[in-house]
Amino acid sequence: MKIGIPREIKNNENRVGLSPSGVHALVESGHTVLVETNAGSGSFFEDVDYKEAGAEIVAEQAKVWDVDMVIKVKEPLESEYPYFKEGLVLFTYLHLANEEKLTQALIDRKVISIAYETVQLPDRSSPLLSPMSEVAGRMSAQVGAEFLQKLNGGMGILLGGVPGVPKGKVTIIGGGQAGTNAAKIALGLGADVTILDVNPKRLQQLDDLFGGRVHTIMSNPLNIELYVKQSDLVIGAVLIPGAKAPRLVTEDMIKQMKNGSVIIDIAIDQGGIFETTDKITTHDDPTYIKHGVVHYAVANMPGAVPRTSTLALNNATLPYALMLANKGYREAFKSNQPLSLGLNTYKGHVTNKGVAEAFEMEYKSVEEALQL
C-alpha cells in the first residue's frame, strides 16, 4: 500500500501523523510511505530522520495525497478538499459532528474516512482519543492557571493560594480521561477541585483515585449552575463519541461568573459545552472575553506540545495503521470491531449515527455500507 503523511496546515498544529519509527514499521511491512517536506519539523523530526526510516520525501502536497491511505492528525481544511478522491482511506481526527462542510466533501468525493475519536473498545473507552485527551486535560489546568493571571485578562488568582489566602476554585465538568487529567494537574497546583459527572460509578472511581482530595458531584443543571458561578476556572471535558457535545453551561450561568474568571472548552472541536463558546480560537489568538469571562476555545490544544503529543499519538494509532495497511480496510474492519466503529463515511454514505443525526443525513451501518 502507498501511504501519505502530509504536513499539518491548521493554525499552530505542529504534530505529525507518524513519527519516523512509525514510518519504519510500515516500510518494514512492505509499504511505501511518502512524507511531505518538513511534515515533522514542528515535532523536531527532520526530513533526514524520515528518509533514514525508509520514507520518500516529497515537496508537492498533491503527490503526498495521491496515495491509497493518508494518515494525519487533524481534520483536513478546505484547501485540502480538492485532493479527496474516491476510495482514498483517510485516517485522522475528524470530529465531523461539528464539520458539515467537511462531511459533505467526504461524501461527495466518496472518501473512506476513519476517525480516531470514534474507534471504541468494548468497555466504551476510546484508545486513539485517550492519549490526546490526557494531554489536553493536563494542559487545560496549566492554561487556565496562566489566563487567570491579570496580565492575561484574568482576575489575578493563584490557583494554589498562599497561607492565609483561599485557593482558587476549579470546576471540571466531565470525569473521563480529559477531566481526570485536568484534575491531576489542578490538584498539583494546589487548587480546590470539583468534578461533576453523570455516572455515579465514575464518581466513586474518582473519589477512590484521588483519595477524597477532590469534590465529586452529580452533574445536573442545578449543580452545574451552583458550581460554575462560584468557580475561578471551569473546564469543559464532556465527550459523546462521534456526536456533538451537549451545551451544558448556559449563557445565564456564564453571566453569573465573576469578572476575570476563565473557562476552557476542551470539547470545542465537537461544538463545545458552553453556550458562549460560539467560535473556535487558535494558539495565535487563544482567548476572547464575553460577559467579563475569559473564554479559551482552541481546538488543537495538544498541538502546542507536539513532541509529546506526536509520540503518544503514534503509540496508539500505529497498530491500527498497520492493520489497515497489511489487511486492507475491509479485512481490517471484519477482524477488528473497534476499528470498524471508526468508519465515519464510506463511498458516499455516512456510517456514524452521531454525524448523521447532527446534519439530518441518511445513516448506514458499517455492515450495511460495506456489505460485510
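Positions of Cβ are set from backbone N, Cα and C atoms, glycine also.
What you are looking at is a predicted structure, and each value in this text was computed from that prediction instead of being measured.
Feature list (source: Swiss-Prot):
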type     : residues : note
ACT_SITE : H95      : active site
BINDING  : 169-199  : NAD(+) binding site
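Shown on the structure are the features that Swiss-Prot records.
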residue : record              : DSSP class
H95     : active site         : coil
K169    : NAD(+) binding site : strand
Q177    : NAD(+) binding site : helix
I185    : NAD(+) binding site : helix
V193    : NAD(+) binding site : strand
Subject >> Cβ packing number for Q177 (NAD(+) binding site), 10 Å threshold >> reply: 21
**OP:** Give the distance between the Cα atoms of V193 (NAD(+) binding site) and H95 (active site), rounded to the nearest whole Å.
**Re:** 29
**OP:** Determine, to the nearest whole angstrom, how far the Cα atom of I185 (NAD(+) binding site) is from the Cα atom of H95 (active site).
**Re:** 26
Subject >> Integer Cα-Cα distance in angstrom, Q177 (NAD(+) binding site) to the residue listed as 'active site' >> reply: 17
**OP:** Count, for each of the recorded positions H95, K169, the other C-beta atoms lying within 10 angstroms of its own C-beta, and report the residue with the smallest count.
**Re:** K169
Original post:
Which ones in the same chain are close to D197 (NAD(+) binding site), with CB under 8 Å and 6+ residues apart in sequence?
Top reply: G174, G175, G179, L203, L206, T216, M218, S219
Original post:
Rounded to a whole number, how many Å is the Cα of L189 (NAD(+) binding site) away from the Cα of H95 (active site)?
Top reply: 31
Original post:
Which whole-number value in Å describes the distance between the Cα atoms of I173 (NAD(+) binding site) and the residue listed as 'active site'?
Top reply: 20
**OP:** Please report how many Å separate the Cα atom of N181 (NAD(+) binding site) from that of H95 (active site), as a whole number.
**Re:** 21
Subject >> Pairwise Cα distance for the residue listed as 'active site'/K169 (NAD(+) binding site) [Å, integer] >> reply: 31
